[in-house]
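Worksheet: one structure, shown below.
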Amino acid sequence: MTDSKDTTPSKTHHTGSTPFNSTAGTTTPAADVENQTGSTGGTGFGIAGILRRWKREDLLKRGYLALRGLAFLFSVLAFIVMASNKHDDWKKFDRFEEYRYVLAIAILSTLYTGLQALRQVHELSTARYYIQRSTSNMIDFFGDQITAYLLISSASSAIPLTNRLRESQDDIFTDSSAAAISMSFLAFFALALSSLISGYKLSNQASYV
């Protein structure tokens, strides 16, 4: 009697193991969040990007404060020089409308830039804001624009008068008037640069809305 061999192929059962698949079996490394860039599919807003943005914003805030401080200083000088420009006879600033205009705008600019500088110092030292950032950016932008326009307007209106007075008599009165006008121009340039920064902040705010 011969033993019959089972020719049926044996079935091998694999339990608890799966064949290696080059596609499904490989482990995808976790994305490097700290160094994401546009080329690797990131957005460029990783930790390094955030730090660069914070550094840029801090630099803008300090430059903004410095420009406000300069505008305040020049406005105070224009106010003091023009207010003290009183001499003998007709040589008094309040006899001329143009010079009174320069004085009034210098006072306005002194109040505006002084209050803005104090607010910014408080915000930088305490990181607290009295009003919302969006409202603050709007006030900064339009306030800088209006005050700068008034400064250049007052200085420009007083230049022709000073030139006419110098043709007849060039003395301490006309020199003081010219000095006050120069301070108003310098305050205008500082606020004009400040308005560029406030405009940049306002445009960035609009882009994130």
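Including glycine, each Cβ sits where the backbone N, Cα and C put it.
Positions annotated as compositional bias 'Polar residues' by TrEMBL: 9-29.
Per TrEMBL, domain 'Casparian strip membrane protein' is recorded for 61-190.
What TrEMBL lists as region 'Disordered' is 1-39.
Packing against the transmembrane segment (65-84) from elsewhere in the chain are residues 93, 99, 102-103, 106-107, 109-110, 113-114, 116-117, 120-121, 124, 151, 176-177, 179-181, 183-184, 186-187, 190-191, 193-194, 197: each is 6 or more residues past its ends and has a CB under 8 Å from a CB in it. For 65-84 (among others), the entry in TrEMBL reads transmembrane segment.
Residues or ranges marked as transmembrane segment by TrEMBL: 99-118 (among others).
Away from its own ends, the transmembrane segment (139-159) comes close to residues 75, 98-99, 101-102, 104-106, 108-109, 112-113, 116, 131, 177, 180-181, 184-185, 187-188, 191-192, 194-195, 198-199, 201-202 of its chain (Cβ-Cβ under 8 Å, at least six residues beyond either end). Positions annotated as transmembrane segment by TrEMBL: 139-159 (among others).
Annotated transmembrane segment per TrEMBL: 179-200 (among others), in sequence order.
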